[in-house]
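*Asks:* In case it helps, Swiss-Prot gives these features for our protein:
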type    : residues              : note
DOMAIN  : 19-229                : domain 'tr-type G'
BINDING : 28-35, 94-98, 148-151 : GTP binding site
MOD_RES : His597                : diphthamide
Amino acid sequence: MSRRDQMVKKIKDLMYKPDYIRNIGIVAHIDHGKTTLSDNLLAAAGMISSELAGDQRFLDFDEQEQERGITIDAANVSMVHSYEDNEYLINLIDTPGHVDFGGDVTRAMRAVDGAVVVVCAVEGVMPQTETVLRQALKENVRPVLFINKVDRLINELKLDDAELQNRFVKIIAGVNKLIKNMAPEQYKTEWQVKIEDGTVAFGSAYHNWAINVPEMLKTNITFKDIIQYCNEDNQKELAQKIKIEEVILGMVVEHLPSPKVAQEYRVPKIWSGDIESVEGQGMIATDSTSPLAVMVTDVSIDKHAGEIATGRVYGGSIEKGSEIFFVGSMSKARTQQVGVYMGPERINTDSVPAGNIVAITGARGAIAGETITDADHNIAPFESLEHISEPVVTVAVEAKNTKDLPKLIEVLRQVGKEDPTLRVEINEETGEHLIAGMGELHLEVIIYRINDKGLEVETSEPIVVYRETIAGTATNVEGKSPNKHNRFYIDIEPLSDDLMNAISEGEIPEGRVKGKELAKTFQEHGLDKDEAKKVWDVYKHSIFVNKTRGIQYLDEIKELLMEGFESALDDGPLANEKAMGIKISLMDAKIHEDAVHRGPAQVLPAIRKAVYGAIMLAQPTLMEPMQKVYISVPQDYMGAATREVQNRRGQIVEMGQEGDMSTIESKVPVSEMFGFAGDIRSAAEGRCIWSTENSGFERIPRELQNKIVKEIRERKGLTPEPYGPDHYLG
């Protein structure tokens, strides 16, 4: 039997033993060494040669990733590790650290139970470390810590034993502070990482060695010895004595939970159904004979196999050739193949049981976030995947040859399916195709992928996505239907920050409100008792409240009113951008008794015009997306770096000192960030480290608003000036 066949056989055996499975992700800030670490773990599992590990970038099997040297997608791999006389199946997902690809992290975190957080010993805890850790903890994923690039502290920064330990203590305290702030209440203390219990390891992924306290006790190797090995340039020998894979995978097996342990506390958090039901109990017990429950985390298109859906099996078993049901789209499909991953290749099996990561071919029509169950069964869906950031930059895409237009539409739909953080808008009337992404790099990669599918495209300059809101209030605004037989009266005011945050954090889910289920939550966030029971709709960070009493026929047009409210917010009156942060209350209504006179053609324009008119009466305001920008530069370049930020309308939030480096934390509008990479490099002569994180929307300075509104309207082919309230209400 070849080594590969042995490996396949082991993976197939271990799939059925949930106590011996670990589903883990590796998360970190960009360039802190995630993919290098993954490669080493694979080398150990006999997947790639150990000589090449570190340079191989095995999980980066997309050309773009190898070329840019960063991870763009989350890649899946399964491997077998022996620990204390038992073999374990470790399913590993490598995730991107670049802010533009945060959506992949969110999806990967839904599939795993534990995470190895990699932090660079030189840079310490960085903004993106915080973002990825927050995503992990939000999904109830337990962390352990690996401090990487320790050799650089010794060889480049020349730190001695005591200084090393100080640096480590500081990094660990930083990570634990984040865990304490962001972990679920019951795990704030239990999940803290500690040197003494082995939940923290140190090492160099590039040079293949790592150590933690249990390993020190086993090998008698101390930090003094490590400093000596590094100083004598003898890290190869060190890597033979303290093998990185033994330490990291040992830590994973010892401290991160098996599906059996994790599903008990994770399922209630990520699944919206009744935990006491048959399928609820099946998932909690990781029971492979209970009803099927799969959460799709990723869909990719393979040249040979077509659409491949990757997901986590939480309950039951998914079988080859079986009929399955998509809960979200209410449609059915038949699986062609099911299997697990080994590196980028899939190993097909007859079935994949609960607790595993599955690859399904033939699941046509699946999208990331979909829930799959047996064809003759319907279960409640998994909670939708919350992305921490929203798309903020848009480009228009055109096919170079007109004959390629149908292909362009097809390719855009494919790309949108593969990457749910991308918003693809295909406007068939204007013929405009827009893609909105997380930033400049995200869109560059998507365009490269479109070209890669054999399609030549031209793109516009990147355009920033704005939002509309209000700064004032308006009361008793009347909207009339075209036939004048229906009238609606609304009040409008800005939504409180407290409610906005609750919606952003996912405490209040977006969507039409059924009954009084959220009344208590609305009350906790500032609505009075009566109002809290009357919220009809939460949409794009705005809410629609029905404050009327005893209006005849209102229930019959309730759905139409919500549709009108939603479509008005989809493109606001100021610049046709989406509106947010608005509370609209329906105060009174006069509705025609004859159903013919109160159909969609009458109700929709009436409510839309009322909303538009009210917005224009309540000091309409444009909001722009902001990014936090973190810069670390030598002191001599501090002034130049600060000027670079201030020239872009940036505000300096905080400045600090780390050894001989200065740190600057600032907030800059996304519209001013194009070309920043080149400018900051030349300002600091290449000697700076910088990173960004999306930071929501803020109001545009008054003096710029008219100019920007005019530019947006002209770009969209609208009249240069927005219409006044009378246009909508007259």
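Placement of Cβ uses the backbone N, Cα and C atoms for every residue, glycine included.
Looking at the shown structure, what environment does each listed feature sit in?
*Replies:* Following the DSSP three-state reduction, the secondary structure of Val150 (GTP binding site) is helix.
Other Cβ atoms within 10 Å of the Cβ of His597 (diphthamide), summed over all protein chains shown, number 16.
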*Asks:* Quick one: what's DSSP say for His597 (diphthamide), helix, strand or coil?
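*Replies:* Helix, per DSSP.
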*Asks:* Take every residue in the domain 'tr-type G' (19-229), average their pLDDT values, and give the whole-number result.
*Replies:* 78
*Asks:* What is the number of other Cβ atoms found within 10 Å of the Cβ of Ala28 (GTP binding site)?
*Replies:* 29
*Asks:* Around the C-beta of Asp31 (GTP binding site), how many further C-beta atoms are within 10 angstroms, looking at every protein chain?
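*Replies:* So the number of other Cβ atoms within 10 Å of Asp31 (GTP binding site) is 19.
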*Asks:* Would you count the other C-beta atoms found within 10 angstroms of the C-beta of Val150 (GTP binding site) for me?
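*Replies:* Taking every protein chain into account, the count is 27.
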*Asks:* What's the CA-CA gap between His597 (diphthamide) and Asp31 (GTP binding site) in angstrom, rounded?
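*Replies:* Roughly 63 Å, rounded to the nearest whole number.
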*Asks:* Check Ala28 (GTP binding site) against DSSP and tell me helix, strand or coil, would you?
*Replies:* strand
